[in-house]
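Everything on this sheet refers to the single structure shown next.
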Amino acid sequence: MAQKLDLRPTKRLGQNFVIDGGTVRKIVRAAEVSGSDVVLEVGPGLGSLTLALLEAASHVVAVEIDPVLAKQLPVTVGERGLGSRLTVVEADAMRVTPTHFSGYLPTALVANLPYNVAVPVVLHLLAAVPSLERGLVMVQAEVADRLAARPGSKVYGVPSVKAAWYSDVRRAGPVGRTVFWPVPNVDSGLVSLVRRDPPSTTASREEVFAVIDAAFAQRRKTLRAALAGWAGTAARAEEALRGAGVDPSLRGEQLEVGDYARIAEHRPA
Ligand SMILES: C[S@@+](CC[C@H](N)C(=O)[O-])C[C@H]1O[C@@H](n2cnc3c(N)ncnc32)[C@H](O)[C@@H]1O
């Protein structure tokens with residue numbers, strides 16, 4: 001197929017295609033896709049995962065930014081008689097909303113994500129597509145660790161806390177680099193996301209995310225110091241932290257998403 005399209009995979013778009021049928025089947029199995037699912041796939045590429053998803057799901061909405069690949073996909077899928085259950089959206093996944101999905105409401109995100117934008121794509125889709133109940137995504141191994149990290153871990157950071165706002169996140173297994181063409185210079189990992197209610201709080205998501213960004217912008221500092229800019233002064237940051245029941249001498253990496261929600265609620269007026 002790549003030869004037929006005279007395709008030269010672009011690094012900028014994270015174009016490493018899975019050429020191993022076993023890996024594709026492993027992803028679909030781990031995602032537990034069933035006939036009641038509408039799957040949202042980001043970056044279908046040459047369609048290897050798309051075809052496997054179409055065997056299991058009722059419908060697949062595939063968002064592809066590369067116009068050559070987006071135009072080829074319905075042809076590839078149509079040749080196998082599955083075209084009526086596929087909607088291709090030629091767009092940037094970081095900008096799509098349900099209005100692009102021709103009335104389909106995706107229940108599961110399943111994707112081998114473009115690695116350079118994996119975190120913003122996941123966070124955008126969890127926010128913009130409320131019908132998504134769960135996700136199974138393949139990302140760079142380090143990103144998988146970061147997304148699934150728990151407080152206190154060295155790699156716990158903004159992606160971990162923000163992903164936890166929307167979902168329970170777990171690593172779902174490693175994937176070696178040799179299953180791709182071209183072979184990337186990193187290993188990959190599967191991440192499972194199961195939607196849950198965000199922490200109950202009077203603060204908006206944007207307000208909570210502003211505290212998270214501030215706390216990790218200077219992750220070596222205590223929260224009292226790191227949140228000084230956000231609160232106006234270090235004393236006001238301390239007031240917000242104490243109001244939220246959080247020790248001001250802690251660091252951002254020690255808090256859970258619920259702690260951030262309480263701090264946002266206590267921002268001094
Ligand atoms: C890692 S490849 C995966 C391809 C295919 N799903 C597979 O497993 O072989 C990533 C795909 O995402 C597409 N892509 C990159 N950035 C994108 C974006 N912002 N929105 C939608 N698709 C994107 C690339 O063109 C490429 O097809």
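Each residue, glycine too, has its Cβ placed from N, Cα and C.
A TrEMBL annotation is a machine prediction, not a hand-curated record.
Binding of S-adenosyl-L-methionine is attributed by TrEMBL to N16, V18, E64, D92, N112, and the same site annotation extends, among G43, G135, G152, G157, to G43. The most densely surrounded of the binding-site residues E64, D92 is E64 (count of other Cβ atoms within 10 A of its Cβ). Listed in sequence order, the residues of the same chain lying 6 or more apart from V18 (S-adenosyl-L-methionine binding site) and placing their CB within less than 8 Å of its CB are V24, S48, L49, N112, V179, F180.
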